[in-house]
Every structure is written in structure tokens, then in C-alpha cells.
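Listed in Swiss-Prot:
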{"type": "ACT_SITE", "residues": "His104", "note": "active site, proton donor"}
{"type": "ACT_SITE", "residues": "Glu434", "note": "active site, proton acceptor"}
{"type": "ACT_SITE", "residues": "Arg619", "note": "active site, proton donor"}
{"type": "BINDING", "residues": "Arg114, Val136, Lys137, Lys138, Ala139, Asp140", "note": "(6R)-10-formyltetrahydrofolate binding site"}
{"type": "BINDING", "residues": "Ala393, Tyr398, 432-433, Arg460, Asn492, 526-535, Tyr613", "note": "UDP-alpha-D-glucuronate binding site"}
{"type": "REGION", "residues": "1-304", "note": "region 'Formyltransferase ArnAFT'"}
{"type": "REGION", "residues": "314-667", "note": "region 'Dehydrogenase ArnADH'"}
{"type": "SITE", "residues": "Asn102", "note": "site 'Transition state stabilizer'"}
{"type": "SITE", "residues": "Asp140", "note": "site 'Raises pKa of active site His'"}
Amino acid sequence: MKAIVFAYHDIGCVGLNALAEAGYDIQAVFTHTDNPGENRFFSSVARVAADLALPVFAPEDVNHPLWVERIRELQPDIIFSFYYRNMLSDEILSLAPQGGFNLHGSLLPQYRGRAPINWVLVNGETETGVTLHQMVKKADAGPIAGQYKVAISDVDTALTLHAKMRDAAQELLRNLLPRMKEGPLPLTPQKEADASYFGRRTAADGEIHWQKSAFTINNLVRAVTEPYPGAFSYLGQRKLTIWRSRPLDLVHNKLPGTVLSTAPLTVACGEGALEIITGQGEAGLYVQGDRLAQEMGIVTDVRLGNKPSNTLKRRTRVLILGVNGFIGNHLTERLLQDDRYEVYGLDIGSDAISRFLGNPAFHFVEGDISIHSEWIEYHIKKCDVILPLVAIATPIEYTRNPLRVFELDFEENLKIVRDCVKYNKRIVFPSTSEVYGMCDDKEFDEDTSRLIVGPINKQRWIYSVSKQLLDRVIWAYGVKEGLKFTLFRPFNWMGPRLDNLDAARIGSSRAITQLILNLVEGSPIKLVDGGAQKRCFTDIHDGIEALFRIIENRDGCCDGRIINIGNPTNEASIRELAEMLLTSFENHELRDHFPPFAGFKDIESSAYYGKGYQDVEYRTPSIKNARRILHWQPEIAMQQTVTETLDFFLRAAVIEKTAAPKDELNA
């Protein structure tokens, strides 16, 4: 059986040798060049391939059409990936009739993603293992061919556990590879409900937070000790690295980080205490804990902790245009919860942000972006991160006011983009799930999916193409003029303060607000084309947390990226959304304030939106970028979001009804 192998690390060497022992005809080996900045403690796949007289390559982008064509010419029967660090495209995987199989360092579906050995230790797991699974478009999500369990002892470190995993991989492959040559193995689908995902770790993640328990801190030490950079803390400005430690079940009344004794060197934790067995000063030697205390002048009752800043760091200034909107006001709330940020905002109203007006870190001006261009340019120059959230984003307006959509959504925002280029400011731009249009992929991928829209006479696509063109302009400015940017694409975010009932009364609102208005007024719920269209609904709090991490942009991880923000597990049709709303409405404590339910009414899209409308059957995001780059995973179930959104609007409607007579008297 002819095989193509993608491999790196010790596990890659194990996989390559196992294939050779099993008699596979290895056509080519793809690996990575060594990173001079990485502490390489593992064997070289390139050397093993050379010893086996196999052709070996290390392309920068194996998914490039030139490499895809070279692999096609080799006509592989099967593809294997052993700790190869890049995802393989569907095009490459389709070249092998038997498919592609990846060896992952955990018991899937748990610990999908990066650095599973480190993560299981950080989280104090007692068992892990290796999994051989079929590769699919979603990382580490394909059906399982086999697994081999590995016990984790209390004294295991990342290095000792790696050795166990290497042996486990060898045993698993010796068992499976000969059988796979005979024919396809039975595969077991993964249970998505049990899946967990973890992203890459950096050296900065090794910083110790002493308020955690001694058990938790010791797990961190085990997870990142040699050959990794190590767990660390500070004594004033001086860094110390802890290589080995022991948790102590010790009762104390000291603040976390306080040194309880120097021989042995013992530090108070939020729960228990940590004995430092070996460690190292920033420019010192690897020594025992008591010797470390002597060398660094550590004495009893001194506190270890974060490195104190020499200067008072200025808050990051975030400019939000459209700050009173749905995303704008929720994002403002999240930013103001963190004292690293201050917010400058512009909008034509302030009802949703009135709760922030007394906050000294919030600066608001009422105005229109079409008029206040000088104010906007000045504040782009003044601020650090720019979010132009002003747009017409309600479907009925795409056909009712297409030119206004273009003028505001494209022309006005293009001015802002150019000012960001002029003053070298980072822009976080709200693209949209609408740019994917009628894409026929099962999941819409930021980097590979085609953006497909309808004919010119379907004016509803003017919003989609306006946003898409801005995406392309921003990308070009990034490539040609160094603009720092991130494009984020929300997928049907919903929650309290989404639109308002007045907007729904004139049809200018999103679906859930329109449905709630029907319930509040006792009018039939209109289901456009029967409400069969499916969407993936995302809770505003999940969405805002992802957006906050984009603004935070740790280590520049979001620069030049496009990131979908949605919840694929919350997929439902508009009819299902309406039925869920109706159930919550009938059970709500304010139900008696509103008329009886008037039923569902199916209506054609042309009658509701106009002749220029065209809909899509589904819109499902791939969120691999958000998981990998932001370490983000949506958590809030659709039912909770529906309940909270409905409650917000019902209470607002009751207040509106009770206030109406008073208003009439005053008139």
C-alpha cells in the first residue's frame, strides 16, 4: 500500500518507523525545518527518513497547488499525519482512496487542539492516551480507528509523559497498521458533546498565580518544566523559575505568594503551600530550593508575585463608532470591566449606553459619522484600536434602501479605513457572515470558502458585496501598506438590546426582534418561506468575549486574520426559533400583559422583503480560527439566549404600555 507521510517530532519518527516495519510503500515524507528558537528535545524525522532512504521535503505551504499536484502524481493509497503541525487541505486528503489518518496525543474527543500533553498535566488529569483517527475538515474531529490509554502519575512531567506517549503510539501503530493494509478498519464517530479544545501555549502561560491551590500550581510546574521554559514568578523585578515542586496540605493564614520558610523553600498558596524543590534565578544555576533562597536573598514573609511595572501603563484607547448599537454597547460593557481600557464612542443616540455615561473611562459624543468626519479623524489619530460598527444590517433595508446601504456601509466606512492607514492605527472591522452568500460548503471557512452571491437584480446582496469589498480593501492595505487589521464575522448574534420594538414595527429589525413584536402585539408570526432557513445563533456574551480577545490581541495573534464568531451547535431554523420563543412566552411571568397568540403565518419572501430578495438555506461557521487563535469556545445554549432576550423585550414592552397613558395626559 502506497503511503504519503506528514510527520514531525518523536512521534513522527515512531510513526515513520512503524510504517516501514509494517511494509508500507512510503512514497514521500513531509516534515518541518528545525526552528532555531525552539528547544529541540526530540528526534529528527528528516534523519529517520534519510536513514530509510526516503524522499523528504519541508515545504513552507504543503497545501500550495504545486505541492498538491506533486502529491497527486505519487498516487497514494493512504495518507498519515504524525504530529505534523499544519492542517492538510481537503484537496490533499481526497487524493488518497483510503483517506488520511492522524495520530493525536490525547484520548479524543477530549483535548483536541494543540499541546495536549501539557494541557492534561495543567488540568491534573490522571489518564490520557493516543488516538489514530480519520482526518476531516475540522481539526481532530474525525472518526476513531483506535486508541491506547496512558496512566498519568503524580510525579509525571511533560517529558516523562511524552516518553510514555511515544511508547503508546508505537504499540497502537503496531496493532493497527498491519490490519489497515488488509482493508478499511471499522471507525467510531466521536461524540461532539464530550469534545474539548485547547490552543497553543506560550512561555508567558508559565507565570504562577499564587492565589490558586498548591495542587494546581504544582500541576503547572509539572506541565512546563524542562525541556519547556518552566513555571516562573518574581521577587520584585527578578525572575525565578521553578523546575520541581511538591504540593503541601498545609494550613496557614498568610497571603498567597508569601514565603513561609526558606529551608525548605515553601510558599503560601490560595489553598495549601508549595515546596520549591529545585529552581533557578534569571542569571543563576539550577539549584535546590534552599540554595535558591540564599542566592536570591529570599527571606521569610517576603512575597513572590507578578513583576511590578516600572512605569504606569496608559490604558488602551478604543474608538467605537456605533457605540450605542447592539455590539457596541455590549462591547463597551466588557471593556470597562477591565481597567486596561478606556472607550471613546460616537453614535446618534445614547439609550443603550446611558448606564456608562458616568464612568470616567467612557467618553461619548452624540453624532453622525456622515457629518462628524473631523471628530472621527481626530479620534482615530488619538486612539489605539478602531472599531467602525456603524452599518445598516437588517435584510429588509437591503432591498428597500440599497443605495443608502452602499453609502453608509461602504463609502463612509472606507473613509475610516483610509484614516487608519494614514495614522497607522489598528482596525478591528466587522465583516459579516453575509459575505459567504450562497456558499455551498458545509461549514463556511474564512480562508478557503468561496463567496457566492446572486445576480445583479437581487439587490439584497448589496450589503454582502459592500462588506466583502471592504474586506478586500482592508486586506490589500495590510499587504501593501502595513495596515494592522483583524476582520471578524459574526454569525447571528442575539441577546438583550438587539434592535428595539419600534424598529421591528417598521420591519427594520433582525428576526428574533420581529418575532417577539408579533407575540407582544398579538399579530400572527410571519414565517418567510415557511421559516425553513437555518441559522447558527450565537449568544451576545459569547460573541463579545471573542471580540474582546481580538481587541486584546495577545502577542499579535490576531493581526492579519479573519475570524468567524458563531456557535455551530446552536443551529436552528427560523420556525424552530419561533416555536422556542412561543414556549418561553407562554411560560413567562408577564404573559398576562399581552394578547393571545395569533398563530403562525407562512409568507413568500418576495411579499415580505420585495422582489430583490434572495435567501440562503443555511449559514454554518467553521470556528477553527477562533478556537486556535483566541482559545475561544462558545458555551451558551440557544434556549438560554432566547429566554433572556425575550425577558428583556417583554419587560421593556410592559414599561412602555404603563407609561403610555401618562404620556398622553402630559400631551
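Keep in mind that glycine also has a Cβ here, set from the backbone N, Cα and C atoms.
Classification of His104 (active site, proton donor) by DSSP places it within a strand. Under DSSP, Ser433 (UDP-alpha-D-glucuronate binding site) is assigned to a helix (H, G or I) in the three-state scheme. It is Lys138, among the recorded positions His104, Lys138, whose Cβ has the fewest other Cβ atoms within 10 Å in the structure shown. Checking Cα-Cα distances from Ser433 (UDP-alpha-D-glucuronate binding site) against the recorded positions (Asn102, Arg114, Asp140, Arg619) with a 10 Å cut-off leaves Arg619, in sequence order. Long-range Cβ proximity for Asp140 ((6R)-10-formyltetrahydrofolate binding site), meaning a same-chain Cβ under 8 A and a gap of 6 or more residues, is found for Asn102, His104, Leu108, Pro109, Arg112, Gly113, His133. Comparing Ala393 (UDP-alpha-D-glucuronate binding site) with the residue listed as 'active site, proton acceptor', their Cα atoms are 10 Å apart once rounded. Rounded to a whole value, the Cα-Cα separation of Lys137 ((6R)-10-formyltetrahydrofolate binding site) and Arg619 (active site, proton donor) is 17 Å.
The 10 Å shell around the Cβ of Ala393 (UDP-alpha-D-glucuronate binding site) contains 21 further Cβ atoms across the protein chains shown. In space, Arg535 is the closest of the binding-site residues Lys138, Ala532, Arg535 to Arg619 (active site, proton donor), judged by Cα positions.
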